[in-house]
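Have a look at the structure below, then the notes.
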Amino acid sequence: MQNSQQFPPPGVCGPTCDPPPAQQSHSHHCPGGSCMAPPAAEAAAPGLSPQPILAPLLTAFLFPGYFLEDFVDMLCNQKLQQSWELLFHHSVVIICFGIAVVLHQYVGFALVALLVEINSIFLHLRQILLMANLVHTTCYRLNSIINLGTYVVFRIATLAWMTRWLFLNRENVPLVTYAVGTVGMAIMTPMNIILFYRLLRSDFFKSSREVQQDKEK
């Protein structure tokens, strides 16, 4: 009986497709010994694998959805005089995050802005305590201190860093994107400073008239 040489099917490692020694460590991890390109080959073609950008891109996509839903809710259920500041704030956020999502660029910069939302936990808790008439409680006082501390760290410091980054990288950012980012920072920074002043005055530096009213209650 004549022996015929058996060639392995394409893609399966056999004597004819042994990888060089430098690549053998990659093929040893393949189920069934299937020939695979080493990770360096994938890295040589950036953009083919979406995994590195998928998670942050999804995060950057979800948050504009939250702000958009809140924007529509306030527009339908609140008076414009009461909510115009938040509507303006949400509009800026939606535009800036929308640029990152559509262009698939500056996603990391947009995600840094989400550090601001850490303070929103205590800011919203403060509003809930106010609605529950729990102003004169230890819980409210403790939340006020944490709220103010996180406000400085996660709002003011984050916005300052983002403004600094834009200034230092102005030559590497397209003019339109840079203009939108600069206008956004110019709007958000004063709004947050004003809100910080209101919180400081309301929770820590009440006027003598307000203190007298609290005692009468």
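Glycine is treated like the rest: Cβ placed from N, Cα and C.
Those TrEMBL annotations? Automatic predictions, nothing curated.
Sequence annotations record features per position, and here TrEMBL assigns domain 'TLC' to 1-208.
Beyond its flanks by at least six residues, the transmembrane segment (84-103) meets 57, 60-61, 63-64, 67-68, 70-71, 74-75, 109-110, 113, 177, 180-181, 184, 187-188, 191 of its own chain at Cβ-Cβ distances under 8 Å. The transmembrane segment annotation in TrEMBL covers 84-103 (among others).
Long-range contacts of the transmembrane segment (109-125) within its own chain (CB-CB distance under 8 A, at least 6 residues past either end) are made by residues 56, 59-60, 63, 93, 96-97, 100, 143, 146-147, 150-151, 153-155, 158-159, 161-162, 165. Sequence annotations record features per position, and here TrEMBL assigns transmembrane segment to 109-125 (among others).
As annotated by TrEMBL, transmembrane segment applies to 145-163 (among others).
Positions annotated as transmembrane segment by TrEMBL: 175-200 (among others).
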